[in-house]
Amino acid sequence: MKPVLISIKRFTHQNRHIIVEIICLLYIILFVYAAFTKLIDYEKFQIQVGQSPIFTSIGGLIAWIIPTIELLIAFMLIIPRLRLLALYACFSLMAMFTAYIYIILNFSPFVPCSCGGILEKMGWTEHLVFNIAFVFLAIIGVLLHSPERNEQSSVARKSFKQFLFNTK
Amino acid sequence: MGSPITKLTICLIFSILTVLGLYAVSDKLTHEHNSFHRSFPPHPIIRAGGIDLKYNSYYIAGTDSNRVYLSNLTAPLHLLSVNLPDLDTTHIRLSIEDPENTKFRRNTKVEVLPPYFYITDGVTPRLLRGKIGEWHARRFMYDSAFFSVAIPIGPKSFALRSTSSKTREHVLGKETNKSPHVKLVPGLLEKQVDGIFCTDGMLHYNRELSQLIYLYHYRNQYIVTDTSLNLLYRRNTIDTNSRAKIKTATITSENSKTMATPPLMVNKRSATYGDRLLVHSDLMAKNESKKAFSKASVIDVYHLKRGKYEMSFYIYPYNELKLTNFEITNKNLIALHGQYLVVYNTHFDMFNRGLFPGKVDYTNIKTTPP
C-alpha cells in the first residue's frame, strides 16, 4: 500500500504541470460549452432562471451574469498569470452551483430545470455528483498550481494532498 | 492566511453564503406581503381513519352520502368505491360503448354525480354517461364542444371551462342537449394578464345550493353563478392578493407559452358542500407560525350564504405526506395524502351554535370512529 501511495505522490509531483493543464482544459471546455448553450437559446435560459424559486426576483440579472462569468473564467484560465486566480474562481463558482443544487433538492417547493445541452439530460442528483467532482478538480488544481512559498505551507499542502489521495 | 487551503475555505464560505443570501432574499420577497389574519378554533375536524390505496394516482371522482368514489389517472376505467365511515373498499370495472374508438388522455376525467357517473374528455371531445350500479357508459348527448374542464350539473348538462375561439382566453360556459347546445359567457372570468394563466382556477358545482363556483388560483376572488351561469356575486378570500402575480413569456424556439416566473399561488385546492366553501390557501397569515404553516396545509372555511370567512384549520401530514386533494360531504372531509385516503369528521356548525360562538361542546366530539 505504502509504495503505491508514494509512487502516486511522486507521479503527481512530477506531472503536476500536465495535471493542472488537464484540469484547466476540462474547466475551459465545461464553461465555454455551458455559456454557449445558455447564450444560444438565451430567451429560454432567461425564463428558466426566472422560474427558479431561488432567483425569482433577480432572474434577469443572473441570466446575464452567469454566462459572462463562465466565459471570463475560461479566458482567465488561458492566460498563465491569471491561472491561479481563475482556479479559485472556478472553485467558488462550482461551489455556488453545488450549494444551489443542494438547496433546490432539499428546501425548494419544486425543482425547476435550467441547464443546457447534454447537462439538461442529467438528473439533479447526478448533477450534484458531477459538480462535486469538478469542485475537487478545482481544489487539486489550486493545490498543484500554487507556487511553493515556504516550507511550512508546502508541508501543510502536502499533508492535505496526501489526505486527498488517501481517501480516493 | 497565505496557504491555498485557507483561501479555498474562504472561497467556499463566501460561495455558500452568497447562494444562501440570494435564497433568503427571494424567499422574503415571495412570502412577506401578507397582512391578513386567520382564526383557529379548536378541533373543527378530527381524524376518523385512513387507508392505504397503494397508488398515488387516485383522485376523488365524487361522493354521495356514505360513499367516496376514486378514479385513477392512469387507469380511467378502474373505479374504487370507499364506504364511509368503515372505509371498506370495492373495486369497480367500468365498461364503455365502442371501446376501440375511444381514446383516454391525460385530461380524461371520471365524475360521479348520483345517480350517474360521467367520463369526460375535452380534447376528442367526448362525453359518456352511465348509471351507478350498472357501470356501463355510453354517449348520451351532444358532445362536440372542446373544453379544459367539464363538470356535470344535471342529467344532461355540463358546466364548462373552455377557450374562446375569438380571444384565445379562458371562458366559462354551459353545454346542454338542447339547441344551441353550447352557451359561452364571456366576462365572468376577468382577464388581468394574459387571460389564460391569470384566469386559471377551480370550477365546482354545489349540489345543495344549485350554484356554480369558480375560484381563481392566482387571486383572491371566487365567482358564484346559478346553473344558467348568471352571475350572483363575486367575493374575496381573506388574503389581499387581488391581482394575479404572473409573468408570461414565449419561447420562440419551442413555440410555447410559459410562465416567466413562478406564479404567486393563492388558492391551491378547494371543495364545496352545502353552505360552505373550503379553500386550501398557499399564503401565510400574519398570525401564523412559519413552522406550522410550512408543515401543515391550511384550510379556510367560508360561509357562502352569510358571505363571510368563518375559520381556518390545519390538516397535518399523514404518514409524512402532505394533503394533495380533498372533498367535503355533509359530515366528513375526505382527504388524499399521496397514496393515503384519510377521512376526518367535521364539526363546523359547532362554532355557530349557542351563546358563545367559537366555544366547543367537547362532549359531542368523538375522537374515534363509531
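Backbone N, Cα and C define each Cβ position, glycine as well.
The domain 'Methylamine utilisation protein MauE' annotation in TrEMBL covers A:17-143. According to DSSP, the domain 'Methylamine utilisation protein MauE' (A:17-143) comprises 107 helix, 0 strand, 20 coil.
Sequence annotations record features per position, and here TrEMBL assigns transmembrane segment to A:18-36 (among others).
Residues or ranges marked as transmembrane segment in TrEMBL: A:56-78 (among others).
If you look up TrEMBL, you'll see A:85-107 (among others) marked as transmembrane segment.
What TrEMBL lists as transmembrane segment is A:127-144 (among others).
Averaged across the domain 'Methylamine utilisation protein MauE' (A:17-143), pLDDT in this predicted model comes to 82. Sequence-distant contacts of the transmembrane segment (A:85-107) (same chain, six or more residues past either end, CB-CB distance under 8 Å): 23-24, 27, 31, 52-54, 69-70, 73, 76-77, 124-125, 127-128, 131-132, 134-135, 138-139, 141-142, 145.
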